[in-house]
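S.K.: Dropping a structure here in structure tokens format, bear with me for questions.
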Amino acid sequence: MIPADESNNQEKNVKKKENTQDRSRNVSSLPSDSMNQEANDKEKENLSDGSWNIPPPPKYSKLRPRVSSSSTPLLPRRRSKARLRSTPSNTKKYNFESTRRLFWGDDQSSSVDLNSSFPGNDSSFDKDHRPTGWTGFFFGFMYEEPFDDSIDYGNDEEESSGHSTWNPLNFALFISYTLTSAAAVTPVLLVPTIGQEFLSSSEEASLFTSRAASFAVLGTACGKFLNGPVGDVLGARRTSVLYSFLLCFSLTALAACQDATSAAWCCFFVEFFQSVQWPCIIVMLATHYGTNHNTYEAGIYVTSIASRIGPLFAIPMLSFFLRQASWRLVAVIGGWTALIGSSVAYLFLTDSPHQINEPQNALQPSLLAQLQKSNFYTRPRQFVGVMAVVLYSVIRTNLIPSLKRVLNSGTFWIVALAHTGSSMVRTSDRILGSYFLETSMGHLTEETSGGLVVYSILGTVFGLVIAGNMFAVRKERQRKWLVSRLYMTTIGACYFLALLAVPRLRRAIDAPDLILFFQVVASFVMSFGISVMYYHIPGIVGSAFGNNKGLFAAYTDGVAYGIASVLWKFVAAAVANGNDDGGGWAYGWAAVALLIVLCAILMVEFLEHYFVRASGRNYGTYETILLA
């Protein structure tokens, strides 16, 4: 006999099978519309649960599908982000979260070190048959990677803090840097007049002008290399105040010069003492704002405008005073302007939010105590010994480790080499006057051609105001696209300047005023295009170098200026080998354009690796200036 419990279980199983068969018959008998409705309801349930019933492919599979909005419906995550993007925001947002992840990570333990060197020289291939190492760095953009479009990283935005763009710190830095920049441009206006007073022949005066210009460039390069660590060791505020006062002293000494040689050396020291101001500004902005990148980049935006606003207003004002008074009085006015800038820095600037003087790479406290106890008047021998010990400690403990950290960094060398192109354009205002004069076919005077350089400075100001603001509020990939297009604009302007220097073309047009108008517009556009790359990008990258931010900023400019000065000599040789109608300038500007092309590719590759791909996009395509 079968037990009662087993018989009951068998009856239940039979009933379950019958119910299942009945349900399957009912489903098969439903019309197609009902089945579609049921499928849509099921899809809505899945979407409401935040899931998607598609089995994911293997993580490292080569057959990973490329999901795009044109071929498949939006995934749930993309739907939610699309709704967020379509919702208007009442507050202005800045996307610096990805840059923060790049330099500092999500927390201190996951920070990304930009000071590590670049990949090795191996040319191996990864699993997707793309080259790695240096080969992948320069040629990887030719290989397309599968792009995971289902993940939208564009919503990683952080709210702007309560700091205003024109807060007291930024405003004080703006005023101080504007005044010192205006003072530093004084010798540029005075050199022709000084040459005419001290030298008898026009050829000697012209030679003195070129000599003074070379002394000024040499002073900038020496100042960048020798004064780079000073702001980190002594303190950015102390260094800025001290060197502004020394700038005032140099201009006062220029007013007292009695020969051309001493005047040339004064031009050297003017640029030497002014060269340290920008690294000190970078240090003060970084110590005040820290990891708050929206305010840090806003500070760079404000102070970079100051660097060109000063010369823009100083050139016409000092030119007016030069026509009314002696050049010595104009030099004194420039020194007085530098002294006001030093006073503003002393009264309103601090090294950090909590301390007036706080060096980033300070001396050891024991050495400072010995230095304070020593007295040169009572014990001169002991004072000299203490100073020797302090100097040895600075070189061994502060300078050498900082130099090793910066110079061993692949990031530093890539940025410095890419910075050469923008430095070439930045220093071109020293030769633009000669370009206008020699290609005018006798229709311009020396005074008029020198005054046209103001339009190049004005182009930099407009570039910082317009393109700099666009760069500050855009996302990483959009920033890279903006930089690539600005480079294209600059390259096109350089080639246009080369074309306008061809004598046959100028004779065929036979309209000197029209040619001059196009040349001025091209110089304006050229300066407009390099404003962001020259000021913003090195400052942003330098914030990742810790206590060596000032050294990084100074040495980046120093390397770029050094290479640019050598390249300008080759351009000068090409110009000298041309004909008397200025045809050599065509070869010179074409060479400058070619250099900027190479620097642009290097800079855009750097932005792709360290700004775009480092923000979380493990899948994507390499892009250079050719494809961006």
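A Cβ is built for glycine as well, from the same backbone N, Cα and C atoms used for every other residue.
According to TrEMBL, the protein carries these features:
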COMPBIAS  1-11  compositional bias 'Low complexity'
COMPBIAS  12-25  compositional bias 'Basic and acidic residues'
COMPBIAS  26-38  compositional bias 'Polar residues'
COMPBIAS  66-75  compositional bias 'Low complexity'
DOMAIN    169-617  domain 'Major facilitator superfamily (MFS) profile'
REGION    1-92  region 'Disordered'
TRANSMEM  171-194  transmembrane segment
TRANSMEM  240-257  transmembrane segment
TRANSMEM  264-286  transmembrane segment
TRANSMEM  298-322  transmembrane segment
TRANSMEM  329-349  transmembrane segment
TRANSMEM  452-473  transmembrane segment
TRANSMEM  485-502  transmembrane segment
TRANSMEM  514-537  transmembrane segment
TRANSMEM  558-578  transmembrane segment
TRANSMEM  584-607  transmembrane segment
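So where do these features actually land, and what's packed around them?
M.R.: Proximity of distant same-chain residues to the transmembrane segment (171-194), defined by a Cβ-Cβ separation under 8 Å and at least 6 residues beyond the stretch ends, is recorded for 205, 208-209, 212-213, 216, 240, 244, 247-248, 251, 254, 257, 260, 263, 266-267, 270-271, 274, 277-278, 281, 284-285, 299, 302-303, 305-311, 313-315, 318-319, 322, 327, 330-331, 333-335, 337-338, 340-342, 344-345, 348-349, 430, 446, 450.
If one looks beyond the transmembrane segment (240-257) by at least 6 residues along the same chain, the residues whose Cβ comes under 8 Å of a Cβ in the stretch are 176, 180, 183-184, 186-187, 190, 194, 227, 231, 234, 263, 266-267, 269-270, 273-274, 276-277, 280-281, 284, 328-329, 331-332, 334-336, 338-339, 341-342, 345-346, 349.
Panel annotation: around the transmembrane segment (298-322), residues 163, 165-166, 169-171, 173-175, 177-186, 188-190, 193, 278, 281-282, 285, 288-289, 329-330, 333-334, 337, 451, 453-454, 457-458, 460-461, 464-465, 468-469, 472, 531, 535-536, 539-540 of the same chain, lying at least six beyond its termini, place a Cβ under 8 Å from a Cβ of the stretch.
Long-range contacts of the transmembrane segment (329-349) within its own chain (CB-CB distance under 8 A, at least 6 residues past either end) are made by residues 168-169, 172-173, 175-180, 182-184, 186, 189-190, 237, 240-241, 244-245, 247-252, 254-255, 284, 314, 318, 321-322.
Through the fold, the transmembrane segment (485-502) approaches residues 421, 425, 435, 439, 463, 467, 515, 518-519, 522-523, 525-526, 528-533, 582-590, 592-593, 596-597, 600, 603-604, 625 of its own chain, all at least 6 residues removed from its boundaries and within a Cβ separation under 8 Å.
Remote same-chain partners of the transmembrane segment (558-578), defined as residues 6 or more beyond its termini with a Cβ less than 8 Å from a stretch Cβ, comprise 217-218, 220-221, 224-225, 228, 413, 416-417, 419-420, 422-424, 427, 431, 438, 584-588, 591-592, 595.
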